[in-house]
Amino acid sequence: MLKYALPLYPIAESTDESWSYEHLDKLTTYAEFNETQLLYSEDDDRDHNNETRKPMPHQILVANYTTPRSPIDGIIVIHGVGTGKTLTAILAMINNITAGHDQGMKRGLVLTPNRAVMNSFRNELNCYYRSRFSDRHLNDFEIDRYLSKTFFFNTITAFANTVSRTSDVVLHKEWNATFVVIDEAHDLSVQGVDYPKINGFLKLLTSRKVILLTATPMRNNLSDLVPLHNLLMKLSTHDITVEQFNRDLVTRENCAEYVCARESPTEYFLRKFAGLVSYLPSIVDVNEVDIVNVGERGLYGLRNTVIVVHDMSDVMSATYHYAGAGERSDRDVALLRQRQICRFVFPDGTYGAEGYATWMDNKTGRPTRKFLDMLRGGTGTSREDILKNVAKYSPRYAWIAKSVIDAAERGEKSMVYDDLVTGSGLLVFAAVLEALGLERGYGRGARSFLCLTREVMTVPSIVSALKIFNDRKNVKGANVAIILGSRVIAEGITLKDVIHEHVVAHWNDAETEQIIGRGIRYQSHAYTIADWGSDAKPNVFVYRHATIDSRKKNIKTVDILMYATSEAKRKNIDGALRALSSVALTCRNSNNTFVKSVYRGRYTGRNITNDNTIPLDAPRVTKSFIAQLDQLFDYRNQNVVVKVDSLLKMFNIDPNSKYSLELLFVIMNTIQKHGQLDVDKYIDCNGQYISISKCVDEFRQRPTFVYPFVLDNVSLYGLDVYRDTLAKDIISPLILLDAERHTGGLYPMTRLPVIVIQGLLELAISTQGTKDPYDTLNKMIQYYGTSTNGDNDIRAAVWLATTTGDDSGYRILNEHSGSWVSCPSSMVPFVQAMKSSVEAQLNNDMLAKNLKYYGVLHPSTDDFCIKTVSQNTPTNRRCVMTGRKCVTWSGEKLKELARDIGIDTGDSSSVQNRKTICYNIRSKLEELGAVITDVTCGVQAKRK
């Protein structure tokens, strides 16, 4: 539901699934969806020294969408191949982490499918920082130290294994308040072993932001979206299952085709994913190159796929049909044997693993001498003769080999991709190139090729090879012109200035798109274009290869079957993408440039004002507040249950107050959601008990911690309701009216810990202005005290200083930034003058009651002090006694004071201890309305 993705409104029931499109309409009016600069990063976009890394509108949108002010916990970034998803994630992390020491996340965690992608991501981050701050006098050591302390990288599988070995408590303590980025998030499938571990880990974190990067969120079925949805949910109760998805979120209709069922999204599908997605298709339409799909369209019933066909040799045809004639129980459901044969049949008629073991070296992945001789057909033969001989075993490999060699000799780079490496796969094609005289490695230009697979290269070697291949000097293949790649380069890798891309058939189009996108992406052909001498765009040629058998035209080979299956799946996926785009968040500035009209979505920003930022700032709460919880609860136990009354007393709130539980919830909820606290306790409010657990598994089974009261005007003020409702509850006189009637003082909030007073008061005052329907500041001043000075900020600072004491310093609200800052020295005299005026007024009130003394109560320690009423306004005095603790007065003096206010102390022979006398004095002064709260009870405060 949208409310799970956009928790903008306090709710009474967490299981309610109410939702409306109007909520998303309101959200998109804010600057996060319209601003062209990063809102909260300290970096100015104009400082960029490298224009190629200047953020684009769709990247800024995501970065601003996940700021500390935003209530959004996570988003699926479905941006097409080549749109700069890596930089999008980098900007989002920086925009959040650098937004403020007490607001943003503490660290970034990047999880990638493999180490090659991880190194590529890390290099992009390093390059961005060095380019970004090259004029900030930061050396490499300073940058490396900052990055190593702030950003952590790991592969998905390695981190999942770490999660499985680590307790929940340790994981929460170590990783709470983390900005998590999962690259190629579609690799986390429901059937995989890593998904439940990563999903459980994210559920542990009470404070986190999550970005899931993917260009192809669905590979085979629409239900591939299930893990992406669940990874964003903070509670497991909000997760959905594949069965629920297929039942409620899509309609399924069996096709006459042999490939797959037709799936269509429902309205419930839109509701589930609204607000969770940022959608942007691939930017090939506006790329600087023209994409040419080589081959024929419409072959073998394929409607959209352009393929290059290769007719089987006689040996391949016989082997292929013999392999397909076996019993079904003996067949691989993925037709792996047929796929191997379509690639290559070895000279002895074997294929796949059997032929590889005979003709290839298992340790090195290189061909045996015997195999090379067989491929060459003898010594002294020409290239044409070798290719003709290779065609007996694989017409496809012979055709591709000739194509890439001819291209290399023209100064054009090529990429050949295959998901099968051993068997009849990529390493056998490498053997064909070696038979033609090419060498593995680099340095010989058109005579060199690289084989980027984990079977023959380490990850560092692959990263180094990619740098050489992408280097400016290698734009025309001067060092190496041909690159062979497996799944290790299928995602998250950039191949620059590739002119020819050769790919094989896949069971889904998503993998094919990912592979093609390695060489066609943003700025991928910048060097080629810089050297281009024509007004026409350079061409990039894409070859989708398929092996057929012209001898049996009524039989479709496995390659044709795979392409047909991909087309059928593409229909379903395109329908789901259109549905996602209709409820996706898009920035207005990117619509005309990147997003096709059908994909622009119905929600774009409008009504932009300078004040249009999401109005959610967490109160300034520090760990000292949590320290008090530690004193009350013994967290060494697995579970702790304490009565609500005990917790209320901890905060000096009267348990008999009608509104005490309401205030308690506001405080506890604020603590739970604050990103900088590392609260590793799980709090549940249920009736008259507060349960706290260190075990999140048990906490998951408990009801969600929600407002224990019904809010009014929830839909009247839109986004402001969350903020204003909280502010209203904080400053409302009714919140503790029952508890405060007997005191006669103006201090309901002063009974809370000082740091909480400051944070809640600052939040309340920050809501002042035309968008404050509750008139928060004026109500606060009216309730807590008035002043003749018309400056609201100064009055707020005076009240805050009076409440928290001089040691906390004076703080005022900066009307331009909307944040609280230390009081400028020029304003300190005004604050002190007003503070003295307030104290003088208090003294005069006591004189009007004909009292010589009044009581002072410390809000946190509950110490009771007695202060003498001065006959003159306490000004121009170096030091004023704020009041001694009552129990430190002499017995005779206490009896005298008690008699002055009408307390019977008995005759001179009666004996009463000082504690009893102090209790009687406090009770009497409370009846007279002569007890105030002050944190300076029992100490001296110097005044200059």
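For all residues, glycine too, the Cβ spot is worked out from N, Cα and C.
Listed in Swiss-Prot:
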DOMAIN    66-235  domain 'Helicase ATP-binding'
BINDING   His79, Gly80, Val81, Gly82, Thr83, Gly84, Lys85, Thr86  ATP binding site
MOTIF     183-186  motif 'DEAH box'
DOMAIN    451-523  domain 'Helicase C-terminal'
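Over the motif 'DEAH box' (183-186), the average per-residue pLDDT in this prediction is 92. If you draw a 10 Å sphere around the CB of Thr83 (ATP binding site), it holds 24 other CB atoms from the protein chains shown.
Cβ crowding, taken as the number of other Cβ atoms within 10 Å, peaks at Lys85 among the binding-site residues His79, Lys85. Taking all protein chains in view, 22 other C-beta atoms sit within 10 angstroms of the C-beta of Val81 (ATP binding site). According to DSSP, the secondary structure content of the motif 'DEAH box' (183-186) in residues is 2 helix, 0 strand, 2 coil.
In terms of DSSP helix, strand and coil, the domain 'Helicase C-terminal' (451-523) has 26 helix, 14 strand, 33 coil. In the three-state DSSP scheme, His79 (ATP binding site) is classed as strand. Under the three-state DSSP scheme, Lys85 (ATP binding site) falls in the helix class.
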